[in-house]
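Peer 1: Have a look at this one.
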Amino acid sequence: MNITLESYQQLIILGLGFAVICIAASRIAPVFQKVNLPIITGFLATGVLAGPYLLGLIPKESTQQLNFINEIALAFIAFAAGSELYLRELHARIRSIKWNTISQLVFTFGFGALSAFFLSDLLPFTQGVDFSTKLSISLLIGAIFVARSPTSAIAIISELRAKGPLTQTVLGVIVLTDFFVIILFAVCMSFAVSLTSGSSFNYISILILIVEIAVSLGIGFLLGKVLNFVISFRIRRYAKSVLIIGLGYMVYLLKFYIQDLTDGFMEHPFTIEPLIICIIASFYVANYTKNRPEFLSILDKTFPLIYAAFFTLTGASLSLYALLDASLVALLFFVVRLFAIIAGNYFGGAMAEDPWPQIHLSWMPYVTQAGVALGLTAVVSNEFPTFGPDFAAFIIAIVVINEIVGPPLFKYAITKAGENRNKGSFKFDGVRDAIIFGYESQSVSLAQQLMKSGWKVQIATRKKPEEIEVPDDIILKHIECVDLSTLKAMHADKSEAIVCLMSDRRNLEACELAYKHFGTPDMIVRLGDRSYYDKFLALGARVVDPSTAIVSLLDHYVRSPQATSLLLGMQPGQDTRDMELKEPSLHGLTLRDLRLPSDVLILSIHRAGQMIISHGFTRLRVGDVVTFVGSTESLDAMQLKFDHY
C-alpha cells in the first residue's frame, strides 16, 4: 500500500513538473511562428530541450510514467479528426473528393510501404531484423505516410479566407484521408503485432481483426451517444471539456482491461482500437446531433492545451542521437512520399475529371503532416520498445520536413488558383478619394459633406443619368454591375473609403472585391438584413444598422452632448479626423515630443488593428492611425505633417 501511495505521489510530482514545462513551451513555441516555422516545431524543440539529452528536466524513465498524457492526447486528436468529417460540406464536390481520397490512400500507402521495404537497409533500426519485422515496419511507415493535417489545412484556409473548388476539394480529401488512415493504421498495427510476436496469422486472425474493428465501431457509436449527453449538460464549458477528456482516456482504460481479460484464453488478446472508437464518436456528434457547434467550440478551446502537452512530451521522448542520424534518410523518404502524393493526385484528378489547372496545383496542400501522424508514431513507439524509439525519431524527422515545406506550398496553390481572399495592399496617393455605391438623397448629402472636407468623391449607380437629377458638383458614374472591372474603372485602388448603400448582397460583393483586390482601408456599409452582419464584420467593414443607429446617437447625446456634437462636426470650426502616419521622420518619436498646435488633442491610436493605451512616452510608428480633435486649420496642418510625399 505504501509503495502504491509513493508511486502516486511521484506521479503527481512528475505531472506538476511537466505542467510547468508545458506552460513554458506555450510561451516559447509562438517564437518559432515569427520565423515562419510551425508552432508544433516549437513544442517539439522545447520538449527536446527539457528532455534527458539536454537539460534533463524530464528524465528518460519519466517519459514512460507520463505515457497517460499521450493516451489522453491521442483520444482528443481522434475526436478532432472525426469532428471535421462533416458530410453536408463534402456533398457539393463528392466525385472529386471520392476519387482523390481513394488515389491518395492507395498511392501513398503503396509507394510508402514498398519503398520502406526495399530501402530498409538504409534505416538503422531495421538492421539485422527478420523478414516479419521488416514487413511490419514497412506497413506502419506506409500507413503513417497517408496521414495529413486537417488542423494545419483549416488554419491556412482561415488565414487566406480561401474559398473555391480547389479549397473545397482539398479540405474534403484531407479530412476523409485522416478518417480512413486511422482505420488503415489499426489494421496494419494488428498485422504488425501478430507478425512480430511470432503468432500464426491465418484466416482466424483475419476474422478476429474484423471482429475487433466491428466492436470498435459499435463502441464508438455508443460513446457518441454518451458524448452528446455530456454536451447537453447545463454546466460550464470547462467542466464539459474535462468530462470529454476523461471519456477519451476511459477508452484506453477499457482497451487495457479487455486485453487483460482475454489474455488468458486467447492466443492473441482481443484488442479494441481507441482511435477508431473516438473518431466514430465525434463523427456521430458532428453529423447526427444538434450539439455540433458546441462540440466544435469545446474542441477548439481545449485543443491548444492538448497540443502543447502532447508535442512537448513527444519532443522529450525523442532519441536525439537517433533523430540526427535519421535526418538524411528522412529527406530521402520525404521525396518518396512527395512522389507518391503527386502520382496519386494526377491519377485521382484524371478519374474525377477535374480541370487540369486545378490538378497541377492540388498535390501541394497534401504535403503537410502534424498531429495525427505524430499520434500514430507515438502508438508504434509505445507498442514496440525494441525499434519504436528509433522509428519515432525517423518519422518525426519526416514530419518536421513536411511541416516546414507543406504550408508554403499550400498557400502558393491557393493563391495561384485565385482562391486567396485575403486583404490586398493599399497605397495612399496623396488624395483623399471615396466611392459611394447607390444614388439617393443620403448619398448625395454624404458626397457634398465629404467634398467640403477636401475629399474627391464619386457616386456609382445602376440608374441611368436621364432618370435622375444630378447636382452640378457631383461626379456620377453609371455602372451595369458591381464587378472587378467596374471597380478598376473607378480607380478603386486609390480610394481610401468605399460606402455601400445598395442591397446587402450587392454591398457584400463590392466589399469582398475591394477587400481582396485593393485592400481598401475603410468600408462603410448600411445594413438591411441582420444575417449579413457577421459577413461584413469578417471583412473589417464598418456596419451602420439604421434600426439602432438613431437610438444609439440619441443615447450619446443624452450622456455626452458636447463630445457627440464635436464628433459629429456640429461645433463651428471644430472637427475630428483619423490620420495614418506616413512620414518616416516621425517614426519612433514619443507623443510628448510631437509638436501639436495648441488647439489639437490626440484621442486614440490604432496600431495593427488594435487600439493601444497611449501616454506621453508612447512612440509613434509608421502605419499608426491617430485620431485627432481640433480646429479645421490645425488638423489640415497635422495632415500635412503626417503625410509623406
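Each Cβ is built from the backbone N, Cα and C atoms, and glycine gets one as well.
Curation does not apply to TrEMBL; its annotations are automatic.
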Peer 1: Examine the ranges 37-56, 497-516 and name the one recorded by TrEMBL as transmembrane segment.
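Peer 2: TrEMBL lists transmembrane segment for residues 37-56.
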Peer 1: Which residues of the same chain, at least 6 past either end of the transmembrane segment (302-322), have a Cβ under 8 Å from a Cβ in it?
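Peer 2: That would be 18, 21-22, 25-26, 29, 39-40, 43-54, 58, 63, 66, 69-70, 72-74, 76-77, 80, 124-125, 151, 241, 244-245, 371, 374-375, 377-378, 381, 389-390, 392-394, 396.
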Peer 1: Please check if the transmembrane segment (328-347) comes into contact with the transmembrane segment (170-195), where contact means 3 or more CB pairs closer than 8 Å and the residues in each pair are separated by 6 or more positions.
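Peer 2: In this chain the transmembrane segment (328-347) does not contact the transmembrane segment (170-195) - fewer than 3 Cβ pairs sit under 8 Å.
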Peer 1: Could you please provide the mean pLDDT value for the domain 'RCK C-terminal' (563-644)?
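Peer 2: Its mean pLDDT is 79.
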